[in-house]
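**Q** To start, I am sharing the structure in question, which I have written as structure tokens.
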Amino acid sequence: MRKEDITENLNRVGERIVTSCAACGRDPESVTLLAVSKTRPAADLRCAFEAGQRHFGENYLQEALEKQAELTDLDIIWHFIGPLQSNKTRAVAEHFHWMHSVDRLKIAQRLSAQRPEGMEPLNLCLQVNIDREESKSGVAPDEVGALAEAVAQLPNLRLRGLMAIPAPREAADAQAQPFRALADLLRQLREQLPGQPLDTLSMGMSSDMETAIACGATTVRIGTDIFGRRD
Ligand SMILES: *Cc1c(COP(=O)(O)O)cnc(C)c1O
């Protein structure tokens, strides 16, 4: 039963991506669906994998490591998307392909130093506090350039782009504003750092995915609409 629900949900989300891309003249292949599986058991991830899903996003390190240990037989691309204390960087450097939530240099330095030899560089996005909210993590928009410049020097990382979790708005046109601001910041970074593979805008969740895609999202992070509501 769970398998059928997850498969159907994944199909629906896939259709929404196709429809949103058609509406703004984008190639659906240009949008990666990241299944956000925090709080979900490993069995749910396995169902999604069997339905064709490859990218999974986790927020809590210990929980993620436990699921990874149960799913070693699957070729999953693991993304870390939650807040990370600097004393926990090693496990991310060793066990993930992507890290979306870097907002200070110290974290990036440790990830680079702790990335094991022989592994591909860790793909990295800088998390931006795009609405300048008091209590939210993320680098301030006017400090992104300096942080990116420093991160780009680190050897075992690949600076891929920007991530944000904007404050929710009621109307789609209001919701578009922070997404456009993040897309503008990425454009500026590309000019500032022409040698970097800056191809990633990680933005859009279950409730605002369509708007994010219209504004240029290349990775949408979807939890609820794939796995159901979290408790
Ligand atoms: C939980 C979470 C999501 C998914 O949110 P849904 O509304 O369940 O789709 C996306 N990004 C981050 C960083 C999250 O923590």
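Any Cβ shown, glycine's included, is placed from N, Cα and C.
Not my notes, these are from TrEMBL:
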DOMAIN    32-229  domain 'Alanine racemase N-terminal'
MOD_RES   K38  N6-(pyridoxal phosphate)lysine
**Q** In sequence order, which residues at least six apart in the same chain have a CB under 8 Å from the CB of the residue listed as 'N6-(pyridoxal phosphate)lysine'?
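**A** Set apart from the residue listed as 'N6-(pyridoxal phosphate)lysine' by at least 6 residues yet with Cβ under 8 Å, we have G57, E58, N59, Y60, E63, G82, G223, R230.
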**Q** Taking the domain 'Alanine racemase N-terminal' (32-229) alone, what is its mean pLDDT?
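**A** That region's mean pLDDT is 97.
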